[in-house]
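**Student:** In case it helps, TrEMBL gives these features for our protein:
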TRANSMEM  7-24  transmembrane segment
TRANSMEM  30-48  transmembrane segment
TRANSMEM  55-73  transmembrane segment
TRANSMEM  85-101  transmembrane segment
Amino acid sequence: MSKFMKIIFFILIGIILWIVLASVDAGAIGIGIILSVFAFIDVVTGKFKENEKVIWIVIILAAIMIGMIGILVKKLSDSSASLEFLFGLIPIILSLSYFIVGRRRRLK
């Protein structure tokens, strides 16, 4: 996939996710999910040494699942700000850890 097509693909995925997460009023959790999906796409399309790809896929999928559970908990119960902050912060930290650490370990 060319770099231009990858950028267009990222923009389209971002817009679609933003609309869907805005419709369920995800808030900060939605930002974490969007970052996690971008990290997941980058991991899947990248080349890594040995088992590093699997490790990063598991970490990013955990971030997406935590964000989805956070949206569910927010919808089902009276949302407390600290719980929403926690469910939003964990996916953001996990996906940013990929962008800070994982991208440096990628093979060119």
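The backbone N, Cα and C atoms fix where each Cβ goes, glycine too.
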**Student:** Using a Cβ cut-off under 8 Å, which residues of the same chain at least 6 positions beyond either end of the transmembrane segment (85-101) come close to it?
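**Tutor:** Apart from its flanks, the transmembrane segment (85-101) reaches 27-29, 31-33, 35-36, 38-39, 42-43, 56, 59-60, 62-64, 66-67, 69-71, 73-74.
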**Student:** Taking residues 6+ outside the transmembrane segment (30-48), which of them lie with a CB under 8 Å of any CB in it?
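**Tutor:** The answer is 1, 6, 9-10, 13-14, 17-18, 21-22, 56-57, 60-61, 63-64, 67-68, 71, 87-92, 94-96, 98-99, 102-103, 105-107.
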**Student:** Same chain, outside the transmembrane segment (7-24) by at least 6, Cβ under 8 Å from its Cβ: which residues?
**Tutor:** 1, 30, 33-34, 37-38, 41, 71, 75
